[in-house]
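What follows is one structure encoded as structure tokens, with my remarks underneath.
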């Protein structure tokens, strides 16, 4: 290759500049072992040719997968990442690993549009979305749990990358609402677990594993959060330029007035714990707004308002604990707490008394030889006890918050066993002074690197060898020696640290000397002067200072402090105390450790080691997906790319080794059975009877896959990158075509079947509808006939009833009218008969009475008038019958009037009756005992003698009247009286009927008022007619009484009759 560079000019090469950076140069000329180069700034350099590195063609600048580079070297990888970083393409593939370079600014690579694009496979460029989508698809396809392991230095963007992956999973697996709760756990965990460091403004000071569970349909059904090694020492101590946990500053800046007064909050620069670092804010971050986001997130994950108030009370109590001061009370430097605002506020927030707080911080109870001893603490001891209580309170509060979040996100019965775990854990840390926290963090990263190596290097190459394929082993740097340095028993770093922590008189210096004594021969360990030692990690050498190692590893919280929390009235401190006591009871005691004074029988390092092993076991059961986050500069500014820093991180991550193995290896593998089952249908000939290996080989030959692109192992087929993708594309196209043909054929069959069924259904429906119509018509016809018959019978019955009713009414009316007419006319007929008899006897006797022809004509006219009157009365009676029915609603207002009229009628009737009675009595008085044979003559004589007292000549001259004629006259008068009674009864009945109609007692379709007036008119007309008939009867009687003489002598018996008729005429009929 060097000869080729010399052969041609204008070749692109990489040269290393004096500052150590690599630059892309163009070869001008070559002469011997030197080359003249032109750097991008326009300068010309002369360098030795052997120091140059070949550069890739321009067409490969900025490729999205490092495996595509023709020359895989450190400068090529650095240049490719820098080229993409300058164009805001921060994601690059390195084989199976995604490399993410932190842009330190917002880039337009996220949102719903990108989520839809990666979901629909319309975009395949490297992205966190692509990794999350791959994990989700493999989980559904293989039914194996997945894990996304995110690693990198502090400030490389691990937390943001984890949130982006969770956002994609929540978008694709959402629908139940719990995905929003999962996303809202980030503000809470960041507020209580993240802090500003010199390298990162939002550094996670704990490890976090979020396990997202899915249902059988691929929907999120719950989650669980697990945390590791919270940096408790940051609560009480911060380096200059750093901050403690975000929640302290957010609470002081964003708490509302009521909460601020309740917690007695001060400014952040007034708290001792916070003012040590002289850093109170972060550029571009509003702590008050972040506090509102935290409270909103707490509401979403169902933390009650009471619990929120208690949480903030604990946070405030931790801050006020740092301000609790002590007063020396004797010469031995023993102290008691100073009763001032800090102590009073802490006791109020925790729900305890000042005396209990003083007892917990300034005294210690010990049991020696079964005797209880109270030991007073010195100022240093009391301060350490106070800080230990503050750290324990905050750590317990953090664990309690994680428990509440897990309760809110719990899966319960919906769990299916399928999950995707996202691990966001601290990266390698190397500071000027590295303490116990960096020691544990770097140990965790060594273990994760071992997992990374096993998955990508060891296991892969071991599988090649076990399956018998032709493979040249690729060398890579293994970190097993460093892990043995940490974990080996009994002479490992952790074992020695745990052993030294059990000795009461051990110090940090004795621990450092013990390490040098036992581990000085280890290649990964180097002892330093004083308390320091150096460990050669996979990522490089790190020097540790053992100051504080033993104390932090013991993490002692005395039993007095636990009992003090148990006595507090607030529920949360009591919960913390009960949990600490439960942990103390469950753990086995450790030799050489004063159990009465310890709340935890297991050291921090050993506990962390146990958690780490559990994490590794969980990750080993999943299919891992790796994301390596790269920090381009330490200034946390955009558009700055530090090659040395990036190269160091790439080496720590093992990215170059991954690319080399992936390029030379076979990343895709599949068993013969699965390969034959998945792609066997693509063969042109039937190979169902052949074994899976023969089928697999036939498939490879049919699709002309080059031999160097695959290898056949004992149990599996191994493919280089991209080969299985071509087969999968062919399979998908074939399946798509098959499905297309099947869909067309099934559609044709379905349409034909539907058409046949439609015709059959139409024919069946027509028959059924015709039969239903016939049955319905027959039923309607029968009902019509039955209804017609019923209507005919009903109408006939109504007509008959109405006819009978009318006929009865007509008969009654006719009988009444006929009787009335007969009675009315009977008197006139009798008078005519009497006149005829009288004339015949008068002719026979020669004393006939001459009756004028005009009188007879008058009688005939009256008869005709009576008949007309009968007809009128008949019509009036019919109208009366109809109108009487209309008096229902107006009777009440005429009731009094009708009663008055009735009384008047009764008076008139009584007057008529009295008049008739007088007439009868007068006629009776005329029949004296002197009358013989009831002759009329004697009667008239008697009357004449009685009245006038006339002479016998007068009696002799008077005409003779027989007794029969007198009886006829009496009969006429009797009928008049009978008619008077009957008519009065009729009028009374009619009036009574109108009263009943008016009052509603009887139903009639007539108007009672109109009929009443008509009844009165009828009564008046009848009264007038009846009076005229009485007068006519009087005239006839006068004629009969005057006899044949017809004289008008006043002294005749007619004078007495006139007197009677005069009295009669004075009655109401006149």
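Easy rule for this one: first residue shown is 1, then count along the chain.
Each residue, glycine too, has its Cβ placed from N, Cα and C.
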Stretch carrying coiled coil according to TrEMBL (options 856-904, 954-1002, 1003-1051): 856-904
Per TrEMBL, the range holding region 'Actin-binding', considering 589-611, 612-634, 635-657, 658-680: 612-634
Cβ neighbour count (within 10 Å, all chains shown) around residue 157 (ATP binding site): 23
Shell list (ATP; ref centroid = CB of 152, 153, 154, 155, 156, 157, 158, 159; cutoff 8 A): 102, 200, 203, 427, 629, 631
Outside the region 'Actin-binding' (612-634), six or more residues from its ends: residues with CB under 8 Å to it: 81, 85, 94, 96-102, 104, 128, 131, 134-135, 138, 142, 144-158, 161, 165, 199, 209, 226, 228, 421, 423, 427, 443-444, 447, 451-452, 455-456, 640-642, 645-646, 649-650, 653, 655
Spatial neighbours of residue 153 (ATP binding site) that are distant in sequence (at least 6 apart) but have CB under 8 A: 199, 427, 428, 429, 629, 631, 649
Tally of DSSP helical, extended and coil residues in the region 'Actin-binding' (612-634): 9 helix, 8 strand, 6 coil
Local Cβ density at residue 159 (ATP binding site) - other Cβ atoms counted within 10 Å: 22
Greatest C-beta neighbour count within 10 angstroms, which of the binding-site residues 152, 155: 152
Structural state census, the domain 'Myosin N-terminal SH3-like' (8-57) (DSSP three-state): 3 helix, 27 strand, 20 coil
Spatial neighbours of residue 156 (ATP binding site) that are distant in sequence (at least 6 apart) but have CB under 8 A: 100, 102, 427, 629, 630, 631, 649
Other CB atoms, at most 10 A from the CB of residue 158 (ATP binding site): 28
